[in-house]
Amino acid sequence: MSAPKLLILYGSQTGTAQDTAERIGRQAQRRRMQVKVEALDSYNVANLISESLVIFVCSTTGQGDPPDNMKNFWRFVFRKSLPAGSLCRLDCAVLGLGDSSYPKFNFVAKKLHKRLMQLGASVLLPVGLADDQHDLGADGVIDPWLTSFWERAQALYPTPAGQSLIREDEPLPPRYVFRFLDDITENRADRLRVPELPISPSQTHTFPGRVVSSKRVTHASHFQDVRHIEFDITGSDIEFTAGDVVMMRPCNTPEDVEQFCQLLRLDPDRQFTLSPTNCDTGSVPARLAQPCTVRHLVESFLDIAAVPRRSFFELLATFATNELEREKLSEFSSAQGQDELHAYCNRPRRTALEVLNDFPHTTAELSVDYLLDLFPEIQPRSFSIASSLLAHPNRIQILLAVVHYKTKMHLPRKGLCSSWLASLDPTQGDVYVPLWVKKGSMKFPKDPYSPVIMVGPGTGVAPFRSALQERIAQGKTANVLFFGCRSQSKDFYCSSDWEEMEKAGQLTLFTAFSRDQEDKIYVQQRVQEQAELLWDLIANKNGYFYIAGNAKQMPTAVCDALKEGFQSQGGMSSAEADEMLVAMERAGRFQSETWS
């Protein structure tokens, strides 16, 4: 009797769903299953009709959207032409990862679960709705859901006779094997060479954008360092419109790279090739050139500065020979030890590199072959583009808030990407950043007469600067902007731009400087004060309303202020105001882009 097969397909935007899928894959290996873990868009979806057992792990992004690496699958599976019983041979389960503080909580997982049932699949258990707001985090849902799944799967697809489960403390085979080469040196300039073929820049074929300038736009005395950074994209054929985002992958600091190599006794200049342990279930990451230096792998690929997830400790524990370290790692890996792990790792934002320092005996036992199992790939970061090609040809501009804060850890915590970008100094010579552009979720009206109302406090104003430049270049002058920050003299971003636009009659600006007077004033209060104007623009002139910025209280407070205006100016009930906002959202006349 051959081992049962399990396919795990994931849709992941930030790497969390991928990590969960890989963790489930390791549990399946311990149950002697033949397992394959793959991104949904890498999988040939036509083969789904012949699969027997599949787990779908997916997150939800934006306003209830599927992650980038499952969009093609999403379009295919929702085709109206698919026959109702096309997946009748499939046993499956859906696990969603989400955050219940967002309105479209686990929307993708719920919708996929329903669609699979419509297509005739046998769903083994209710959809798992993991929630970051749970007292135990996402694992508070994932652990019991997996227990139920393995019980059902084991009953339907039993382990072959005579085979026992692989123990938790026994290392599984690595996904890749390293083969070190001698006497080959790397030309580092090759990494940023502009492709000679006319390839449109993408995640796999980035364009080296030259940093033209990096200017601090907050006052020197202000606590937050915010940069206005400009990139030259001449020769890239990159095109974008207002609302689009630029994607970049940061690098680890030279200091972290050096420390990592010392801890693991690796020569950073040595070259190696990678080969998958199982050619049927894995391939070498496309982004890693073959051969590759250890330095390039650690600097540009392995996310050693991230706060490690529980899966990191599970794998690390299998190498521990020191009793004290093994005990602690086992505790951090267990369901019961998640409070301890949170206090040790998440709360102080301890990095994976710092964890290796804390467990020296276990780190000394690590085999290089397991590096890609232990450390996830550095994920790309997205930034709203803050400029228009119509105003700045061959340029991309962004507003970047440099992340820097203290925890109980000795060293301050730094955002990997923001600190890396802020460290690049174009006055010291040419500096390049590999980048590409993708469509954003915001769409602005083509009708030249439709007014646009934008609420963008802080760096949330970035996409609206792009929209204003684009619209003004197209002769569209019905523009209203609500901008908020702490102080007019310290963090009033792009103030000279707004002033010019106002003088030219191309913009109506309302500002809220929260700390410039005794009583704090926020953008939602300004929205409330302008209820009459906003009602006229929205109800009588087909206006569009946009919100961008931090997802904490601001978006809800702005929506509440807007709905109060609908009631006071339009004579609506509370329920009617709610309905009007929902109708605007359906018609694309209310859009928001928020982040936590």
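Including glycine, each Cβ sits where the backbone N, Cα and C put it.
Copied from TrEMBL, the annotated features are:
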- 6-150: domain 'Flavodoxin-like' (DOMAIN)
- 12-17, 59-62, 97-106, Asp132: FMN binding site (BINDING)
- 204-445: domain 'FAD-binding FR-type' (DOMAIN)
- Arg349, Arg381, Ser382, Phe383, Ser384, Gly415, Leu416, Cys417, Ser418, Trp595: FAD binding site (BINDING)
- Thr459, Ser514, Arg515, Lys520, Ile521, Tyr522, Val523, Gln524: NADP(+) binding site (BINDING)
DSSP-derived helix, strand and coil totals, residue by residue, for the domain 'Flavodoxin-like' (6-150):
55 helix, 35 strand, 55 coil
Reported as an integer number of Å, what is the Cα distance between Arg349 (FAD binding site) and Gly15 (FMN binding site)?
17
Note down the number of other Cβ atoms within 10 Å of the Cβ of Ser382 (FAD binding site), including every protein chain shown.
18
Set of same-chain residues at least 6 away whose C-beta sits under 8 angstroms from Gln524 (NADP(+) binding site):
Met554, Ala557, Val558, Asp560, Ala561
Among residues Thr459, Ser514, Arg515, Lys520, Ile521, Tyr522, Val523, Gln524 annotated as binding NADP(+), what is the maximum Cα-Cα distance? Answer in Å.
19
Among the binding-site residues listed here, Ser12, Ser59, Ser418, Thr459, Ser514, whose Cβ has the fewest other Cβ atoms inside 10 Å?
Ser514
Looking at the binding-site residues Ser382, Lys520, Ile521, whose Cα is closest in space to that of Asp99 (FMN binding site)?
Ser382
Report, in whole Å, the straight Cα-to-Cα distance of Thr459 (NADP(+) binding site) from Ser418 (FAD binding site).
13
Hey, of Ser514, Arg515, Tyr522, which of those binding-site residues are within 10 Å of Leu416 (FAD binding site), Cα to Cα?
none
